[in-house]
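Since the structure comes first, as structure tokens, the remarks are kept for the end.
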Amino acid sequence: MQLSRWFFSTNHKDIGTLYLIFGAWAGMAGTAMSVIIRTELAQPGSLLQDDQIYNVIVTAHALVMIFFMVMPIMIGGFGNWLIPLMIGAPDMAFPRMNNMSFWLIPPSFLLLLASAGVESGAGTGWTIYPPLSSGLAHAGGSVDLAIFSLHLAGASSILASINFITTVINMRTPGISFDRLPLFVWSVFVTAFLLLLSLPVLAGAITMLLTDRNVNTTFFDPAGGGDPILFQHLFWFFGHPEVYILILPGFGMISHVIAHYAGKSEPFGYLGMVYAIVSIGILGFLVWAHHMFTVGMDVDTRAYFTAATMIIAVPTGIKVFSWMATLQGSNLRWDTPLLWALGFVFLFTIGGLTGVILANSSIDVILHDTYYVVAHFHYVLSMGAVFAIFAGFTHWFPLFSGVGLHPLWGNIHFTLMFIGVNLTFFPQHFLGLAGMPRRYSDYPDAYTLWNTVSSIGSTISLIATLVFLFILWEAFTSQRTALQPEFSTSSLEWQYSSFPPSHHTFDEIPSTVYLIK
């Protein structure tokens, strides 16, 4: 019974739980890799003896965190659990395809670990640029295994996207029109379109790389009339929407959490928030070459990508100010999820500001491939996506599990994590401005101080992760009954009779009525 329940599940709650558990495990693997990176960089001199090994760990860290931690948790975990509940659907549109979406992920993860384990590993960076990833510079099977891993993860995401799009369009209960869709549902809906449009481009790029490596095509080899810059265009046409895929569901979760703990029935400027989500989704496809300001583009091309990149700051700013306005005039309940959400807004804004700086192509030429860029994207990921995940997790955990988290330990976890990530990544701005390049395992002595500070910060984050595991253990062993939250009338997912809602949510389809205030 248990075997068939978890292996052959067609239930959105069980599949969501599988995604959450898998994402937590992958997150621990990715965190372990990041600690290895920071240990190597804690002092000058070599620890791992070899830049190839170092770059293999950097590559695996990035791919694990993106494809096996953030996306499975945000889209697979929260998306599966909450979207059917929020729109009053009995389940997802294609329950068996939903199951396949999940079970493509563990084999993909194993292939990625295999790529690091065979030969000398794939030390290409997560971007897998040729000619470094070519058959010449990376002989052996490592890069091929990484390519197959990405194919499986991509197939999984495409299937999941089809499922979410169909579910949201066709399975809303009467009364939930598109202009009343909860913001988290909107964000995953837009994210699904981004995945559906960008992943096939990545699949094409890495398939061409695969044939370049194995069957003597020359898509990316100038000797046969190819161009390595083509790969960069194809990769970043996927890669830039991908970073919005990683953050948009987080935006949706933060909107729910802030409105909830501010005691508001909805976030400030709901319709503007929806348009902002959609605008970010569209603009995300029009700015990819800002990752390539140093490859020798025309000045007018650079001018366009600079301007277009800055325009993305407008809908993002609308969202940040709407979150601030939601807090205005409210009697806040200072529960752990609100702390994570406020931390998100503050730190994501800092990450966004460094993004506006990097959008200037003239400045980016200097800062490209320095730790300034590392600091920028870790502020929006390590403190954006991850804080959003913890905000959502601490907020909805009683709904998922039926038990309550310990409030004091939750606040301790937040405090440790907040100190840890800021201590890790803020000094990296200084390193970048001082010219320290990325993807090297060693550095001149002049950079020692801030690298040591950064590595101390990563140790604090590691301790915070262990505290989180303790919090989970404590919650399940103490079995505190989860109560219906006070201000829950605005969100359909809290309206069901028990926590967690029964295996099959409904006996019959609900109908929602909105009171005109």
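Note that Cβ sites are derived from N, Cα and C of the backbone, with glycine treated the same way.
Record check: Swiss-Prot places H290, H291 at the Cu cation site, and the matching candidate among H240, H256, H260 is H240. With respect to their backbone Cα atoms, H376 (heme a3 binding site) and H368 (Mg(2+) binding site) stand 11 Å from each other. In this chain, the transmembrane segment (268-288) lies out of contact with the transmembrane segment (17-37); the count of Cβ pairs under 8 Å, excluding pairs fewer than 6 apart in sequence, is fewer than 3.
Annotation: E40 carries the greatest number of neighbouring Cβ atoms among the binding-site residues E40, D369 [cut-off 10 Å, Cβ to Cβ]. By the Cβ criterion (distance under 8 Å, sequence gap of 6 or more), the transmembrane segment (338-358) is not counted as touching the transmembrane segment (456-476), fewer than 3 such pairs being found.
A Cβ distance under 8 Å defines the sequence-distant neighbours of the transmembrane segment (305-325), meaning residues of its chain 6+ beyond its ends; these are 251, 254-255, 258, 267-269, 272-273, 275-277, 279-280, 283-284, 286-287, 289-290, 293, 297, 341, 345, 348-349, 352, 355-356, 359-361.
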